[in-house]
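Data block below; observations after.
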Amino acid sequence: CAMDWQVLTRELSLYLESQVRVGLFGSGVGLSLVLGFGVAYACYYLSSIAKKPQLVASNDRFCRFLEEYCPVVTETYYPTIWCWEGRVQTLLRPFITARPQVQYRNELIKTADGGQISLDWFDNNDSLYYPDASTRPTVLLLPGLTGTSKESYILHMIHQSETLGYRCVVFNNRGIAGEDLLTPRTYCAANTEDLEAVIHHVHSLHPSAPFMAAGVSMGGMLLLNYLGKTGRDTPLMAAAIFSAGWNVFESVESLEKPLNWLLFNYYLTTCLQSSISRHRQMLEKLFDMDLVMKARTVREFDKQFTSVMFGYRTIDDYYEDASPCRKLKSVGIPVLCLNSVDDVFSPGHAIPVETAKQNANVALVLTSCGGHIGFLEGIWPRKCTYMDRVFKQFVQAMFEHGNKIFSM
């Protein structure tokens with residue numbers, strides 16, 4: 001999708017000439033003004049918007065590995081020219097991007113406390129590259145805060161994995177994928193017990209299969225908190241993280257700014273309330289649900305519900321425990337983290353660049369544009385996003401060349 005200065009300006013001029021009649025406003029002045037604006041905008045776009053991402057990694061071998069086997073992280077990212085701003089990308093992505101058809105096999109697994117977790121499997125039994133199911137590489141996918149296996153970004157990851165011959169399994173958090181809530185407990189970014197149970201279960205089913213995970217937004221936070229807790233003691237060989245909120249205090253503060261509250265915070269709060277409303281009878285055993293349903297911000301919801309559910313003394317205690325930036329030093333496997341610095345859910349100043357430099361297993365890829373799970377590119381970005389390309393190349397690099405990281 002990359003195009004140089006001359007190609008972009010030439011195509012823009014030809015397009016405008018075909019759409020705008022000479023004589024606009026009674027003369028050719030209108031066309032000249034439009035063409036002049038178009039060229040000026042193209043110049044601004046190429047000089048200030050389209051940029052190579054910043055690759056942050058202290059391990060030279062990891063950097064060389066990414067440059068050779070995941071080159072997308074070193075190439076210029078060209079955001080969609082008409083919607084490159086972070087908020088716009090975030091808002092439009094769910095409506096613009098296509099939704100690949102995926103046929104799942106559902107599995108419900110029991111938890112130690114009597115609850116259940118819904119897993120959606122894409123077995124890829126028609127895989128030409130890995131016909132043996134016992135050794136077929138497996139990718140565990142973790143959706144965002146209220147997301148499930150039906151999210152478009154999850155469907156795109158599965159589509160990318162399908163072309164490579166891999167198997168996928170989606171970890172749906174408790175109570176949000178249509179299954180009943182058997183105990184008065186849901187989920188949060190800090191508690192990794194359910195994720196640990198899922199990873200153990202998947203690995204036990206396919207112990208000979210290479211295994212890695214990818215988390216998006218809160219799913220990425222949960223995955224990072226798990227990796228920070230387990231270090232090298234995990235069956236996962238690597239992980240990919242997309243649009244994670246690194247510091248929850250900074251995230252909620254950003255989301256509470258007036259425009260961000262109007263565009264994102266209130267809607268996200270209603271989504272959280274909707275996700276628990278059908279389990280009200282079960283949850284009323286422990287919570288004042290009338291008070292929970294009156295929340296108008298994510299912070300209020302977490303104060304009345306999430307932090308109480310998981311036994312935190314205050315909401316600040318919960319937010320501190322949920323912030324992956326505090327556990328990044330302990331990650332013990334190769335992890336690639338993609339963030340955009342204009343993401344209002346995870347503001348650029350809160351990305352732990354210096355901490356990442358202290359762990360040889362961590363690489364950050366920071367784009368100047370892209371928003372939250374946006375990363376749209378191309379004139380009409382219905383299919384592949386920049387995030388999809390990073391996912392595909394990194395997963396393939398790790399499964400097929402991961403042993404070379406420590407030999408380069």
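For all residues, glycine too, the Cβ spot is worked out from N, Cα and C.
Quantities reported herein were computed from a predicted structural model and do not represent experimental measurements.
Pulled from TrEMBL:
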- 22-46: transmembrane segment (TRANSMEM)
- 137-378: domain 'AB hydrolase-1' (DOMAIN)
- SER217: active site, charge relay system (ACT_SITE)
- ASP343: active site, charge relay system (ACT_SITE)
- HIS372: active site, charge relay system (ACT_SITE)
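A gap of 11 Å separates the Cα atoms of SER217 (active site, charge relay system) and ASP343 (active site, charge relay system).
On the backbone, the CA of ASP343 (active site, charge relay system) and the CA of HIS372 (active site, charge relay system) stand 5 Å apart. There are 26 other CB atoms within 10 A of the CB of SER217 (active site, charge relay system), with all protein chains counted.
Shown are the active-site residues ASP343, HIS372; of these, the residue with the fewest other Cβ atoms within 10 Å is HIS372.
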